[in-house]
Amino acid sequence: MGAEDPPVENRPSNSDEERDENRLAQFGYKQELKRDWGLAHNFGVSFSIISVITGLSTLFSYGLNTGGPAVMSIGWIVVSFFTLLVAIAMAEIVSAIPTSGGPYFWAAMLAPPKWSAFAAWITGWFNLLGQVAVTTGISFGLANLIPTAVTVKNPDFVPTPRVTIGIYAAVLISHGIVNTFGVRVLRFLNNVSIVLHSAGITAICIAVLAKAPTHQPASFVFGKFHDGTGVDGADGWSIRASPAYLAVCGALLSQYTLTGFDASAHLSEETKKASWSAPIGVVSSVGFSAIFGFFVLMAFLFSIQDFDRVLDSAYGQPVLQILVDVAGENGALVLFTLIMVCVWHCGLFSMTSNSRMMFAFARDGGIHPFFHKVDDRFRSPIRAVWLAATLSFILALPSLGSSVAFAAATSIATIGLYISYGLPILIGMICHQSFDAMKGPFNLGGLSRIIAGAACLWISCITVVFCLPTANPVTSETLNYTVVAVGILFLGAVGSWIFWARHWFTGPAAEVAEAMRLGVDITEPGALEEREKQEQEGKVASVSPADVSS
């Protein structure tokens with residue numbers, strides 16, 4: 001055994017290791033990243049990025065003002081159901097195509113040859129924007145929580161936008177440094193994150209419920225409707241438009257929280273038994289987060305002591321106000337610090353997922369190949385890590401001049417990611433025969449197209465809803481610039497494709513995509529040519545899914 005070899009008991013069986021590497025080779029890639037993540041680690045990354053405490057803590061004020069407890073509680077149940085459908089549809093695809101590229105690679109493999117590169121280009125850029133915006137939403141949210149905690153003991157402290165941006169830069173740098181040191185550190189922190197997000201947050205919820213002097217009735221939690229979207233005395237959107245308008249906009253709290261589970265796909269090249277572990281990681285992270293998040297939400301809503309005081313908290317942070325009302329200032333700071341540590345871990349693994357996507361996209365020419373580099377010592381795509389940090393910092397700069405920039409960043413993250421999820425699901429539903437030839441062990445059978453259709457309809461709805469304005473009147477400061485950012489990205493991606501990218505961007509290798517569609521092992525010499533010859537001669541009537549799954 002060499003000096004660098006892992007202990008025998010920690011080494012995967014040759015059959016599993018070879019099967020994973022051979023499967024990756026079928027996609028035209030060699031094993032560059034270290035494959036030592038198990039199912040629990042793969043699940044843990046997505047569970048940490050979904051991080052229900054992060055979404056609920058950073059958008060709790062938005063939820064209270066955009067529909068109140070009724071929309072928050074009922075909306076969580078509805079959103080969880082449809083998000084689980086999206087996750088199940090995605091899991092079937094990642095089981096067939098487990099690569100770091102995730103959605104853009106799926107789109108290329110599933111689309112007809114003529115549209116393969118275009119599908120990869122559009123999906124890749126939406127996924128990249130969504131990934132960057134998710135990291136921005138998480139880490140910028142933490143940058144707002146930190147100075148807010150300071151005001152508990154120092155009420156005269158007023159955090160300015162410049163101070164917040166400075167804290168945000170420090171948070172991003174800390175994430176970049178940890179990601180630079182590679183998978184060993186990340187795997188350890190992943191285990192820590194799972195414990196914090198499960199046992200730690202459960203302890204907080206139990207403590208809040210136990211210490212609360214009084215509890216709100218169920219009629220408050222599931223029936224209290226509040227419209228705080230009017231600015232400077234103006235009517236809110238429930239009056240200007242309708243209560244239904246406000247309710248669908250309020251769903252952003254739940255939908256943004258249940259976002260980022262494509263991380264299990266992006267980490268698939270580092271996961272053992274990826275064709276099974278990655279799809280289970282996708283579905284289980286959403287399922288557990290939906291149940292766990294509902295418990296956390298209920299704990300906070302039932303423990304509200306004074307709705308108006310929480311709504312207009314002196315701290316500007318309703319979750320912190322709930323903790324202070326229940327546990328006092330000192331107790332609240334302890335509990336809030338644990339929440340902030342969870343948010344930090346969430347941002348850390350969001351950057352991990354983001355960097356893997358950029359690494360894979362650079363590998364296929366979607367961004368500059370400079371970012372397709374794995375450090376030999378740390379086995380980490382360091383250049384992609386710092387690109388992710390830089391882009392996330394830039395996306396947060398509008399917050400210096402807009403009071404709604406953070407909510408817009410969360411909308412961009414939600415829309416960008418879900419469009420990138422929906423495109424390959426839609427392509428797989430339309431081109432179902434070629435998709436059937438690729439399916440892995442996670443196979444939905446006859447339910448595949450039904451679930452895919454429902455997932456696509458849901459994604460179409462939220463794409464429209466989260467571009468709508470959520471503050472009235474609509475001014476330059478309250479404008480929801482999500483539609484502007486997403487529109488610029490769409491026009492930029494399509495325009496760049498028409499004028500220059502189509503001349504050189506081929507996406508994943510064309511012969512790999514063709515082999516996948518035909519159910520051929522690309523690593524077998526002459527297999528693709530022979531199958532194409534048989535197709536031309538009419539000798540191949542259909543392709544068995546087992547051809548590529550075995």
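Just so it is clear, glycine is given a Cβ too, placed from its N, Cα and C backbone atoms.
TrEMBL labels come from automatic prediction, so no person has curated them.
Lifted from TrEMBL, the feature list:
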COMPBIAS  528-538  compositional bias 'Basic and acidic residues'
REGION    1-21  region 'Disordered'
REGION    527-550  region 'Disordered'
TRANSMEM  39-62  transmembrane segment
TRANSMEM  74-97  transmembrane segment
TRANSMEM  118-143  transmembrane segment
TRANSMEM  163-181  transmembrane segment
TRANSMEM  188-210  transmembrane segment
TRANSMEM  276-302  transmembrane segment
TRANSMEM  332-351  transmembrane segment
TRANSMEM  382-400  transmembrane segment
TRANSMEM  406-430  transmembrane segment
TRANSMEM  450-472  transmembrane segment
TRANSMEM  478-500  transmembrane segment
* Asked: Per the definition of 3+ C-beta pairs under 8 A with sequence separation of 6 or more, do the transmembrane segment (39-62) and the transmembrane segment (188-210) touch?
  -> yes
* **Contact yes or no, the transmembrane segment (276-302) and the transmembrane segment (118-143), 3+ Cβ pairs under 8 Å, gap 6+** => no
* Looking at 74-97, 163-181, 188-210, 332-351, which one has the highest count of Cβ pairs under 8 angstroms to the transmembrane segment (382-400)? -> 163-181
* Ranked first among 74-97, 406-430, 478-500 for CB pairs under 8 angstroms with the transmembrane segment (118-143) -> 406-430
